[in-house]
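Mind looking over this structure? Questions follow.
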Amino acid sequence: MRKKQKLPFDKLAIALMSTSILLNAQSDIKANTVTEDTPATEQAVETPQPTAVSEEAPSSKETKTPQTPDDAEETVADKANDLAPQAPAKTTDTPATSKATIRDLNDPSQVKTLQEKAGKGAGTVVAVIDAGFDKNHEAWRLTDKTKARYQSKEDLEKAKKEHGITYGEWVNDKIAYYHDYSKDGKTAVDQEHGTHVSGILSGNAPSETKEPYRLEGAMPEAQLLLMRVEIVNGLADYARNYAQAIRDAVNLGAKVINMSFGNAALAYANLPDETKKAFDYAKSKGVSIVTSAGNDSSFGGKTRLPLADHPDYGVVGTPAAADSTLTVASYSPDKQLTETATVKTADQQDKEMPVLSTNRFEPNKAYDYAYANRGMKEDDFKDVKGKIALIERGDIDFKDKIANAKKAGAVGVLIYDNQDKGFPIELPNVDQMPAAFISRKDGLLLKENPQKTITFNATPKVLPTASGTKLSRFSSWGLTADGNIKPDIAAPGQDILSSVANNKYAKLSGTSMSAPLVAGIMGLLQKQYETQYPDMTPSERLDLAKKVLMSSATALYDEDEKAYFSPRQQGAGAVDAKKASAATMYVTDKDNTSSKVHLNNVSDTFEVTVTVHNKSDKPQELYYQATVQTDKVDGKHFALAPKALYETSWQKITIPANSSKQVTVPIDASRFSKDLLAQMKNGYFLEGFVRFKQDLTKEELMSIPYIGFRGDFGNLSALEKPIYDSKDGSSYYHEANSDAKDQLDGDGLQFYALKNNFTALTTESNPWMIIKAVKEGVENIEDIESSEITETIFAGTFAKQDDDSHYYIHRHANGKPYAAISPNGDGNRDYVQFQGTFLRNAKNLVAEVLDKEGNVVWTSEVTEQVVKNYNNDLASTLGSTRFEKTRWDGKDKDGKVVANGTYTYRVRYTPISSGAKEQHTDFDVIVDNTTPEVATSATFSTEDRRLTLASKPKTSQPVYRERIAYTYMDEDLPTTEYISPNEDGTFTLPEEAETMEGGTVPLKMSDFTYVVEDMAGNITYTPVTKLLEGHSNKPEQDGSDQVPDKKPETKPEQDGSGQAPDKKPETKPEQDGSGQAPDKKPEAKPEQDGSGQTPDKKPETKPEKDSSGQTPGKTPQKGQPSRTLEKRSSKRALATKASARDQLPTTNDKDTNRLHLLKLVMTTFFFGLVAHIFKTKRQKETKK
């Protein structure tokens, strides 16, 4: 007797805890603890909320709020800067402070000069729309409230009344207005992101701060309007809420509005009309809206580079995609304020190095350290007791490295990078163990240094960064989904120190941190222009400020690639407030629309025409040239790096005073086209900058980015090809099984969003026991108690007869999948539904079914909005989407089941890019409702317990599975298991069944049922007792029960789930495609499978095999029970799975999709895990 094991409930509890964590995901924007140390590709995931970054592994706290993971290798924040809670500082008049500000030490954007010209924003109001704020932080302070726009609460109330605003509160002199527009009545869970953003824009910490340096925002003397907006009732409602906040900010006198949040890859065209009107309203009133570009890098997320065949890999979404906004990318400057440590080098020189700490080391104390390799083995730590362990990054998680060091007696850990020029990474907190991350260069210095001591300094300093000046790898690329140029400009967004909740300070990274700096600069520049250009209207000053700011930005250069970073990544370049403030010239496109040039489709040769504007009273002599570049390709993927092609020669031009003049630069890239098309067959970008200097020996004065596409950008394919067409069985998000390339397992216990990401048709496999219950009149499947599960599978896939844990594509002779359905209402292969991996945003998706004459017999409802599947790292960003409206149940437009035959299932959609034409993808689908005919009699031998049927089944479609099912009670759960046929076609019936607790249950003959299923999902089943009764010589009784005298039903009903027919090579001859034996004359020609060929080949020919190399339905263990205790453990689980069909996400409402996904993960995971453990145990025991 095989001994069975009890369920591992300890593991089940852990799994449930994990599920609970996932569902309670509320990102808190502070530094996410890094838990992984495995290198990953340099991308990120955007959530529809504020854009701070979690820069190593995605945290379970990222589903809802601000942070968005960076490229799995970088740091989010520096908790070492946290302060203990303090009483908020007074917001009234305070003497000028003498403590140095962070900007005094490091000002890469050169803001101080502009601050002086514009009085640091005194007398102005700025608005921040975000997820939450700490209204009591010490940084909310005015130096002189007599210069404030709103002198009192009464002044605010008067302004509110003038504009019909009946809500919002006065907080203090600094925070003139606060209101929660989310209308959810809850206190904001996340207060940190908005607090951090507001500090960058307008923080003004007092000199009494415990920080070594004082926080001062770009506009420290401006008053704040804090407006909380969070997703509560869907994205559309969310957009309407922040639209109302925009209108109120404008009416309350805001000079600039910062919006550091976004919905990746969403198109501006899909925003509600009231949101678009709010943007237009702000523009008309001269109010600048500054948005963050997002932290999603590009199509593919943090683990995958975009394919070189699909150049539309930009993911900048809304609201950043709006033309009227100023959209900001993130870059890391060459110097950074950082914690430091000092070592004595071999020549006795002090060497300072930047460190990023988690749980700080004691300052000014000399620590001994010892090298511990990669911190994996016990031997690595033989010398670390009482010392700091110096460990190289790689191989295992940071958490494990730190835990191993602690176990070995180390007093702390230093982990150094395994990559040159990498960004710093915050390490996880492991039992409060002091730990710090350092660069590879410094780590190697420590390793080789003979003096193994290090001292951590108390005061942070400005030191060069290991990465140098570089675009942040998480920063989202353009173009937008609409095909427009974004981002507009770049600003520092890497490890930015600012205010966070509870009167603390921390470093965060993300485009959320870049945007408020630019917002502050825009506010200061507009205030300067009020004096400089008093005759201009506010909207004219806004337009000029945006163009000047972009023109005066410095195009960032990639020293590694010897080329400028792409305009699709950096926009016009790094913001430079000093240059903007002093600028008397700027450059725009030829129509003076904006300071960027979008050429759309171009050929090998084209021209770039720009307009140079001179607002000074003197003529200006300039030199200009253009850089020409494209994308670098690495194998089959874009490297997300620039590739320089050439530069034009410098030319000279003179611009008259107070005038403008056009400049045209001819570009000829024809000599590169052959090689570039070989790497990027569907086209490539030709882009760069037109740069201007006043003197060839001096720095760039101004520049303008241009972008063209060599090809037809609008008509690039929107949908990835179906998985059925893949030569190696893989897709962008799906790795093929190396042993069986056509293996496509169904959803099973693992929710599909976590694995099956490709383009295909789905259907549903309903187990025999459920079908039987339905046929016997059970109307509500929730009332069915069964060990089996209704499972979503892929049309054209079938399981092995003895193992339904894996599904494989079964193909016609022409290579197309055998996608067949039987729409008879039994829930087994009754429908097909479209699932797609979209490479681009599309609109007006509709499915239709055509008969063989090309007539449309059915059309689905329209899905108006389709968002590209840009990432599959989290449940909130899927690698594919299932479209519920495309579900076809085999009926025509009048609701009648169509005739048996082959139909074309067509999915039509149109990319949203300008000039795009409609595209479509076709699938062949067989409809067949013909019920299998089975034997009406059988014999049973009590000697060897073999059941022999009188004849083989006759089917219209090939036989998928021929089995004996038996059902018994395992405790209180009805349990079904199956017996596959022996090689001679007989079945060996067991005398007893084993329970999960190791006991046995005796089986009666009435427990057995003969079940036949064809590849369209038609099922016939007959009790074995009826088969025995049908035999002329009644069989010997088995002692368990009497054979009933009722005759078997002639034509039982059907079902299906999918696989090649059960063929027995040694039994000659077997049935042909008609389901009849070859020696019997068929009444008509064999029915065909829709491909024009007879479905079933004769058994004497070699059986078809799937990609696993096995014949579908072949039974390795002769006549043994196939213990397929399927995946359902209770009626509740079955009901959950059934209802899940109507909850699968579509692209209509992404935040709703997220809620659906989270709920489904929890509900299906628990019940599925229980049943999965049952099934796994049984299958292992069967194989023993």
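A Cβ is built for glycine as well, from the same backbone N, Cα and C atoms used for every other residue.
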So which range, 4-8, 154-158, 679-683, 1144-1148, gets flagged motif 'LPXTG sorting signal' in Swiss-Prot?
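From Swiss-Prot, the annotated motif 'LPXTG sorting signal' range turns out to be 1144-1148.
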When DSSP is mapped onto helix/strand/coil, what comes out for ASP130 (active site, charge relay system)?
strand
Which of these active-site residues has the least crowded Cβ, counting other Cβ atoms within 10 Å: ASP130, SER512?
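Each of the active-site residues ASP130, SER512 was scored; lowest Cβ tally within 10 Å is ASP130.
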Give the distance between the Cα atoms of HIS193 (active site, charge relay system) and SER512 (active site, charge relay system), rounded to the nearest whole Å.
8
Between the Cα atoms of SER512 (active site, charge relay system) and ASP130 (active site, charge relay system), what distance do you get, rounded to the nearest Å?
10
